[in-house]
Amino acid sequence: SHVQNTHLPNVAHSQGLFCRRILNCSCVFFLHLQLIGSGAAAQVITSQGTHGSYLTMQLGSALGAVFGIFVSRGVSGAQLNVVWSMSLWILGRQPWRKVPLYALSHLLGAFLGAATVYLQYYDAIQVFSGGHLSVAGPNATAGIFCSYPADHLSVWGGIVDQVVATALLLICCLAVEDRRQGLLPDGLAPVLVGALILTIGLSMGSNCGFPLNPARDLGPRLFTFIAGWGEEVFKAGGGWWWVPIVAPFVGGLLGTLIYELLIEVHHPHTPQSPEDRDQDHPPFSFFIVLDCRTCASGQACTRIYQIF
């Protein structure tokens with residue numbers, strides 16, 4: 001009974017900490033990723049380009065991510081994209097049960113953020129659209145909140161676009177977080193992630209606006225569905241809506257595999273830190289065996305890397 005009494009407070013503390021992390025993720029999505037990113041788009045679209053440009057929209061998305069990471073990294077570890085959470089689970093850095101909870105918190109935060117932007121720009125949206133909330137056409141405003149494909153883009157082209165862009169995002173984020181690539185000065189990582197998002201937006205944004213984040217797209221799409229844009233938000237682009245939800249997961253898995261197979265396993269072998277030893281075991285186990293003619297002691301050895 002003594003063991004049980006001492007164990008229960010620890011369990012309660014862990015559950016309370018995780019709940020705070022979930023609320024933190026929702027709050028950050030609400031305040032930063034959605035408000036700043038969609039707010040920048042609303043300003044450009046409703047002003048017909050007189051108060052901003054394509055570049056300012058990308059800067060808004062990038063800076064929203066930077067400040068979102070700064071605000072949330074001390075509580076939730078800045079898990080602001082469920083694709084990143086999935087990658088951490090695959091790598092054995094967090095239990096699988098956290099992934100759907102983070103996803104729900106992201107979805108809620110994105111929905112509330114879209115609602116706030118709509119209220120903030122309500123008058124501007126009504127004047128620009130003439131009171132008719134449309135998905136396509138010269139006065140379309142649904143693109144303020146979520147992604148839609150360009151006229152030239154097919155569904156399969158959009159899948160390729162999102163797989164490539166999200167794979168690049170994961171490769172670079174894993175590199176930023178990889179301590180064996182070299183320790184970064186405190187506070188530099190969020191800036192680098194923001195620069196990465198800006199880079200992807202400037203080089204891969206014209207096809208469909210580089211969603212990259214399933215919750216960031218689905219939450220606002222659900223809001224626009226009930227706020228007056230109607231079912232066209234799911235019909236537009238030949239049923240485009242599922243592409244920015246599914247394709248980023250494929251790209252995230254691909255990016256994780258590429259980084260682990262081409263970079264991670266080639267790092268010089270170093271003993272695990274206590275933090276690494278405490279991590280959950282990865283859900284899948286594949287091993288690569290590399291024959292090394294000599295090691296630090298001058299003796300032949302065989303090095304085994306556990307990838308997944």
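Keep in mind that glycine also has a Cβ here, set from the backbone N, Cα and C atoms.
If you check TrEMBL, you get these features:
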type	residues	note
TRANSMEM	22-45	transmembrane segment
TRANSMEM	65-89	transmembrane segment
TRANSMEM	101-121	transmembrane segment
TRANSMEM	155-176	transmembrane segment
TRANSMEM	188-212	transmembrane segment
TRANSMEM	239-262	transmembrane segment
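The listed stretches are 101-121, 155-176, 188-212; of these, 188-212 has the most Cβ pairs under 8 Å to the transmembrane segment (65-89). The highest tally of CB pairs under 8 A with the transmembrane segment (155-176), across 101-121, 188-212, 239-262, is held by 239-262.
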